[in-house]
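Everything on this sheet refers to the single structure shown next.
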């Protein structure tokens, strides 16, 4: 049977761990009480009883005999504690649960009935503290979610009105076209069917907007790291205009407008439609939206100039804004994503309530068992009547969100709605584990055979077959580096899950489509078995003297097959994961035009450790595209100048992409740390460039430049690794030279990890000292050093996400903050 402490830790929301009942500390307090009770019992047993004490003690022990209590419970003293309820402001508490109440427990008779009265007082003081903490957190989160629910209800109302206006405009456009075809002199409207609304300019749209509201909305926009799920524009949803008449989600729009001011986003355009002034804000996350935003900005400038000139001439200028169906659909997806996140947060809060209630029950039961006092029934009545347990707002709000989502985003289909609101986790199959073992054995056997044959043929020595090492070996090394990296990612997933690091939330993975660590291991073992099998067969043909074009093309064909599998459109071989990978790569390549999220710059960091792989890929593409494999002219791609210059570009690209991501994040968030981080990647680009230049010109000048630039870049990178990415080396931390919060219990592991990262960061020294391992070919030595860099990156990944997870936990951030598209404004 699983202990409750394990069950509690496994089910709590990781980012809210500090807000849960500190069950483990309360258990320590009970152990101190237990030790005091045992000590008191030992003293009582060794003390001789007086004549007057003996009958009382005898009666006491007789009453504790099991057969006198048919239910097996010892006699417990009643009324050991009294719990006082009062308002936080100091006023007295009422009979029911009131938000802002605090609880304080008093021991009857000053704790004289306990073996250690001080320990008992400390226990109940901590228990009161935990109950008050749970109530405060629950109240705060509940209010936050209720306010979010009210905002979403108003968003849906605005969306319904805009959709109705779009439909009405389409109908009017159709009638105009029919009239035009029937001989009407007015020209038909050739623009995209849209709703025309008057523009409310910035000087007219804001009235009395407080500075605090603007800062809050700016923070909401900056904290948003989530993107709406990509869907086609054909997914049109029907939303009736009479929304929310029967729902309980929030107050009516008029009442809400009268009781709290409307917030607006700084900038953007406001439109007046259906008697409502609305500012529309679609986040600029893609190149298309970037171009659209620039176009609208220029259009605004022209309209402003036209408006000023019209006012000067005494004429009235009617400004119009076209809100097409595409923009309405984008707003619809944003609202749907916000509803999903709200439902998820409400589910977390529901779990928070049930787990904390169970923790109070368990800990009080332990207390009664240790002290033989009847405190559980008294204190549990207080817990059961406290705010976090009696408030039903979360349950009602979940029902409302469920109802709204089913009605407006699932066409009335409850099952379809639950696929979004409560996605089922994929069950892990034992078949996957079986095939992992099967392919691991196959890979081991083939790899041993390949190594034996390569050793006999002397392929990897300095006097080896130059053609094979220049053309075929890069294919094997490239696959090895890639799948080694993927294997380490599987190890990262295993460790993140074991330590309860919520990587799926950090990376914004879909729970039903994410790769589990067993899936990653299966992909690695299967792929490497195929690769090593094909390369073993190819090496066998080479050793036997076959050197035709078909034989030389085998490594290239293998690479082509894997590339085709990567882009395969059929729903096989983890298509959703393959396409997500390609999407992330696309976002990295087009970095300045896409909003940068965690998974994008995390993947770009991985590419920075795979520069040898990218250079091998560039060389192989040149070798096979130029048909050099037919003549076995492996030196062609290194002799031609533009291919040689391309090697510089490939060495720079990962660092350039990462630097552009830093620039985009600085542009979006305004944090100067992103500019400092950009400098780190610029130094890495300079170091990579000097290394490539030194490889082409082995002069003392280039060697000196390599040492100087690489040393400075390494110091820069180490500082950023330890202080920024890992959050370590905090001098004022309660854990010296580390940080306040640590997930791993053994502190020495962090110091060992910093030392290992330092050693592996010095791999660039191979450029200077040219190490030779026996008679091995230099390409093999470079592969070993490249593998060490991949291992360093896999090791770095764990601590990078640990720090990110702790940042989320420090802010109690367990759900994404999706920005809302519509912002109501008031006009003068």
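Using N, Cα and C of the backbone, Cβ positions are placed for all residues, glycine too.
The topological domain 'Cytoplasmic' annotation in Swiss-Prot covers 1-433 (among others).
Across the domain 'SPX' (2-381), mean pLDDT in this model comes to 67. Residues or ranges marked as domain 'SPX' in Swiss-Prot: 2-381.
The annotation region 'Disordered' is assigned in Swiss-Prot to 169-268.
According to Swiss-Prot, the compositional bias 'Basic and acidic residues' annotation covers 216-230.
Panel annotation: around the transmembrane segment (434-454), residues 460, 518, 521-522, 525-526, 528-529, 532-533, 535-536, 539-540, 543 of the same chain, lying at least six beyond its termini, place a Cβ under 8 Å from a Cβ of the stretch. Positions annotated as transmembrane segment by Swiss-Prot: 434-454 (among others).
According to Swiss-Prot, the feature topological domain 'Extracellular' maps to 455-474 (among others), an assignment based on sequence analysis.
Annotated transmembrane segment per Swiss-Prot: 475-495 (among others), in sequence order. Residues 501, 503, 515-518, 520-521, 523-524, 527-528, 531-532, 535, 555-556, 558-559, 562, 606, 609-610, 612-613, 616-617, 620, 779, 783, 786-787, 790-791, 793-795, 797-798, 801 of the same chain lie 6 or more positions beyond the ends of the transmembrane segment (475-495) yet place their CB under 8 Å from a CB of it.
Residues annotated as topological domain 'Cytoplasmic' in Swiss-Prot: 496-522 (among others).
When Cβ-Cβ distances below 8 Å are used as the criterion, the transmembrane segment (523-543) is approached by residues 435-436, 439-440, 442-443, 446-447, 449-450, 453-454, 457, 459, 465, 468, 472, 475-476, 479-480, 483, 486-487, 490, 515, 551, 554-555, 558, 562, 574 of the same chain, each at least six residues removed from its ends. If you look up Swiss-Prot, you'll see 523-543 (among others) marked as transmembrane segment, on the strength of sequence analysis.
Feature annotation from Swiss-Prot assigns topological domain 'Extracellular' to 544-552 (among others); the stated evidence is sequence analysis.
If you look at the transmembrane segment (553-573), the same-chain residues 6 or more away from its ends with a CB under 8 A from one of its CBs are 471-472, 475-476, 478-479, 527, 531, 534-535, 537-538, 541, 581-582, 620, 623-624, 629. Taken from Swiss-Prot, the feature transmembrane segment applies to 553-573 (among others), supported by sequence analysis.
What Swiss-Prot records for 574-699 (among others) is topological domain 'Cytoplasmic'.
Residues annotated as domain 'EXS' in Swiss-Prot: 638-828.
Look at Swiss-Prot and you will find 700-720 (among others) tagged as transmembrane segment, backed by sequence analysis.
Among residues of the same chain six or more beyond the topological domain 'Extracellular' (721-748), those with a C-beta under 8 A of the stretch's C-beta atoms are 499-501, 673, 677, 754, 757, 761, 796, 799-800, 802-803, 805-807, 809-810. Among the features that Swiss-Prot reports, topological domain 'Extracellular' is placed at 721-748 (among others), with the record citing sequence analysis.
According to Swiss-Prot, the feature transmembrane segment maps to 749-769 (among others).
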Near the topological domain 'Extracellular' (455-474), which residues from the same chain, at least 6 beyond its ends, have a CB less than 8 A from one of its CBs? 535, 538-539, 542-543, 552, 555, 616, 619-620, 623, 629, 632, 634-635, 775-780
Secondary structure tally of the topological domain 'Cytoplasmic' (574-699) (DSSP, helix then strand then coil): 106 helix, 0 strand, 20 coil
How do the residues of the topological domain 'Extracellular' (455-474) split into helix, strand and coil according to DSSP? 11 helix, 1 strand, 8 coil
Close approaches to the topological domain 'Extracellular' (544-552) from elsewhere in its chain (Cβ under 8 angstroms; 6 or more beyond its ends): 471, 538, 629-630, 632
Tally of helix, strand and coil residues over the topological domain 'Cytoplasmic' (496-522) according to DSSP? 14 helix, 0 strand, 13 coil
With Cβ-Cβ distances below 8 Å as the criterion, list the same-chain residues six or more beyond the ends of the topological domain 'Cytoplasmic' (496-522) that contact it, or say none. 9-10, 14-15, 225-227, 423-426, 428, 432-433, 435-436, 439, 486-487, 489-490, 574, 576-577, 580, 597-599, 602, 743-744, 798, 801-802, 804-805, 808, 814-816
